[in-house]
Each structure stands twice: as C-alpha cells, then as structure tokens.
Amino acid sequence: MLHYLFTQLLDMFIYEKEDKKVTLCFLVNFSTDVSALVEEIQKVEPLITASRSDQVKLLIQRLQNKLGQHSNHKFYLFKVLRAHILPLTNVALNKSGSCFITGSYDRTCKLWDTASGEELHTLEGHRNVVYAIAFNNPYGDKIATGSFDKTCKLWSVETGKCYHTFRGHTAEIVCLSFNPQSTLVATGSMDTTAKLWDIQSGEEVFTLTGHSAEIISLSFNTSGNRIITGSFDHTATVWDADTGRKVYTLIGHCAEISSALFNWDCSLILTGSMDKTCKLWDAVNGKCVATLTGHDDEILDSCFDYTGKLIATASADGTARIFSAATRKCITKLEGHEGEISKISFNPQGNRLLTGSSDKTARIWDAQTGQCLQVLEGHLDEIFSCAFNYKGDIIITGRGERDPINLAFLSNWGEMPRIWHNVSR
C-alpha cells in the first residue's frame with residue numbers, strides 16, 4: 001500500500017509492503033522531469049513497480065505544485081504587537097502558525113493569536129527571565145518555558161494553566177526541547193548539565209552529566225531516541241534518550257559550540273562553533289566527516305533543510321552560506337546584511353532562506369542562487385529571532401530593545417491571500 005506523507009517539513013513518500021519499508025527522500029524542483037525521475041526511482045527501488053508508476057508520478061506532481069506555492073509573492077507586514085513591558089528573549093510558532101509565544105525579561109511568556117493579534121494567555125509564575133520557550137509540535141497543546149530562575153514549567157495551551165514545575169537545575173536554563181513523541185522535555189543549563197523530564201508525571205527521568213561548561217544548545221533526533229547537547233566546553237555530546245547514557249562526544253572544535261542538531265534521517269550531525277567553522281559528523285559512529293570553512297567570524301547559527309541535502313550557516317561576519325551536505329562544498333554566499341546574522345532557517349519547502357540580523361532587518365533569500373528576494377524592514381533594533389510557520393506563508397520576527405522604557409514589539413510577516421496577485425513579481 002502506498003502512503004503519501006506530505007508533511008511540508010520533508011519531501012518524502014513511503015512505500016510499505018508487508019514488513020518492508022522503503023523511504024525515498026529527494027529534492028524536487030519546478031523543472032524536474034517527472035517521468036525521468038520515476039524511472040530513476042524504479043531502477044534503485046525495485047519495490048516501486050510499474051503498476052505503481054502512475055501513482056508515484058501524481059505524488060511528484062503534487063509535490064511540485066506545493067513547492068511552487070507562494071514562490072512569486074512577497075511578504076508584507078500585517079501585524080505589529082506590543083508584547084511585553086521588557087525586552088523579548090525568544091519567539092516560537094505552533095505547527096499551523098495559528099498562534100505563537102513570546103518570552104521576555106518581564107518573567108512571563110505570552111500566547112498570541114496570529115491572525116487577530118489577540119493575547120490569549122499570559123503565563124505567569126517564573127521568578128526571573130523567561131529565556132527558552134517551545135511548543136510540543138506537531139501536537140501544539142503544551143508549552144515549555146525555561147527560565148533564569150533555574151526552573152522549567154509546562155503549560156496548557158488551551159487554558160494557560162501550569163501543569164508542572166520542573167526543579168533540579170542549579171543555574172539558568174537557556175535551552176529546551178520536546179521529544180517528537182511529546183512524552184519528554186529536555187532542558188539545558190548553565191550548570192553544565194541537561195535533564196530529561198517526564199511530561200505526564202512531572203518527574204525527572206535522567207540527568208545528563210559530562211560537559212565541563214555551560215550547555216547552550218540541545219535537540220532530539222527525529223526518532224526521539226537520541227539527544228545532542230552543545231556546550232561552551234567546545235564539544236557536543238550525543239546521549240541515549242532511553243537510558244540517559246552518553247553515546248559519544250564530538251571533539252574537534254576549538255571554541256564554543258553555538259548550535260548542534262541532527263538531519264532528518266538521523267544520519268548526520270551538524271555543529272556550529274565560535275571557531276568560524278561548522279562540522280559534519282557521522283551520527284552512527286561520531287566521526288567527523290567534513291569541516292565547513294569560509295566564514296571570517298563566529299558561526300552564530302546553522303541548520304539543515306528538511307531533506308538534509310542543504311546546510312545553511314549564519315555568521316558574525318554578516319554573511320550566510322549554503323553548503324551541499326553531499327559534496328561538503330559551498331554552493332552560494334548570501335551577502336547584503338550590514339551586521340552579524342544571528343538566526344537562519346529554511347522554509348518548509350526548502351527553496352527559501354530566512355535570516356535575522358543586528359542590522360535591524362530580516363531577509364528572504366533564494367536557496368539555490370543566493371539572491372536576496374526581499375528585505376523585511378521596520379524594526380528599530382537587532383532581530384534576534386525569526387521563523388517560518390509550517391506552511392511557509394507566515395514569518396515571525398522578534399527584536400531586542402536596548403531602552404527598557406520602550407515597549408518591545410514583535411512583527412509577523414505574512415502573505416495575505418487577498419492580495420497575492422497584487423504583489424506578484
């Protein structure tokens with residue numbers, strides 16, 4: 001039976017027959033010859049028989065159509081929200097983009113309706129800065145907040161009530177992540193440890209010890225059985241999420257780690273560092289397979305696209321770069337920002353990149369050519385957080401505010417269906 005899992009986070013379809021499963025992951029563009037691609041698939045995947053070819057062609061055509069949506073339209077500002085009385089720390093969207101959350105130095109997290117800009121809930125209870133925030137996507141019914149008060153709290157999206165307060169860290173919590181199954185939340189702290197917490201019971205499951213400096217990045221792989229932590233001790237460590245045991249430590253960077261994450265199929269790990277490089281690692285054995293060079297200053301953020309075929313890096317040198325995960329070569333350099341780039345992400349379709357910079361702008365780029373397609377202006381201070389929603393038709397940007405008397409605001413940028421034709425290039 002052929003199942004098509006169009007998640008928009010990955011160009012993927014899966015063919016299942018009895019207990020066999022073949023996963024085909026590939027990047028499709030607008031000019032792909034569908035018939036030729038199906039023939040290539042059949043050569044390497046015998047389970048895709050001739051009788052299935054028409055179905056496969058239809059799926060690829062649907063994928064092409066999906067990739068083509070919004071490609072000729074520009075974003076424009078449609079909401080500016082005065083969110084908190086003190087500066088923001090982070091922003092995050094739920095899967096659908098219907099609502100988003102903001103963390104702040106005012107010790108609260110706020111939940112907002114994206115379309116109306118209405119504040120839905122104020123999550124109060126922390127005694128210090130709310131720094132790390134996340135939805136339990138794809139479910140989106142819970143929110144986790146990590147604070148400088150050394151605790152993490154779990155909240156209901158529907159009611160705004162606090163389910164649990166996770167206590168145990170001895171220093172600030174600066175990063176957190178739900179596992180894909182939404183049964184665990186992981187927290188990383190300045191106390192050099194990470195902890196796993198059971199969402200149902202509110203109990204600590206494991207403490208991950210071994211780093212000698214602050215943990216500033218952590219994420220689960222897509223299977224949820226591994227977690228990676230990045231530290232100021234210049235290393236990243238992979239842990240078994242089921243046992244809490246260390247699997248291996250990635251040693252090779254010569255400065256602090258800024259980001260650490262798995263690709264979609266869990267075969268590669270990407271780490272970014274203040275040593276101006278990113279490294280690719282084999283996720284099975286922990287061996288370094290490539291060092292991505294070219295930046296003239298610290299790497300502040302890095303990411304895979306949703307197929308794992310492209311890598312993007314953002315640097316304090318004011319540029320971003322796109323690398324091929326297969327060849328490890330730089331494909332294109334993104335130039336135009338006038339300040340350091342602190343955030344970078346692909347849209348779910350993989351054909352656009354979003355960057356946020358200290359030059360007070362965000363930019364949208366063509367992921368293949370490196371051409372800047374649009375500059376999102378209007379902020380009065382550096383942009384520290386920005387993200388696409390799941391469909392790729394809304395962008396949310398957040399900035400810091402140096403003057404605590406002024407109100408920090410958060411802007412949503414979105415393609416409004418009623419004017420798509422008016423803004424076509």
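Think of each number as a place in line: the chain as shown, counted from 1.
Heads up, the Cβ atoms here are built off N, Cα and C, so glycines get one too.
Automatic, uncurated: that is what TrEMBL annotation is.
Feature list (source: TrEMBL):
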REPEAT    81-122  repeat 'WD'
REPEAT    123-165  repeat 'WD'
REPEAT    166-207  repeat 'WD'
REPEAT    208-249  repeat 'WD'
REPEAT    250-291  repeat 'WD'
REPEAT    292-333  repeat 'WD'
REPEAT    334-375  repeat 'WD'
- State the non-local partners of the repeat 'WD' (208-249) in its own chain: residues 6+ outside its ends, Cβ under 8 Å from one of its Cβ atoms. 171, 174-181, 184, 186-196, 255-262, 264-266, 269, 271, 273, 275, 283, 285-286
- What are the DSSP helix/strand/coil residue counts across the repeat 'WD' (334-375)? 0 helix, 22 strand, 20 coil
- the repeat 'WD' (123-165): which same-chain residues, six or more beyond its ends, come within Cβ distance under 8 Å? 89-96, 99, 101-105, 107-111, 171-178, 182, 185, 187, 189, 191, 197, 199, 202
- Message: Going by DSSP assignments with H, G and I as helix and E and B as strand, what are the residue counts for the repeat 'WD' (81-122)?
- Response: 0 helix, 25 strand, 17 coil
- Task: Tally the residues of the repeat 'WD' (292-333) by DSSP class, grouping H, G and I as helix, E and B as strand, and everything else as coil.
- Result: 0 helix, 22 strand, 20 coil
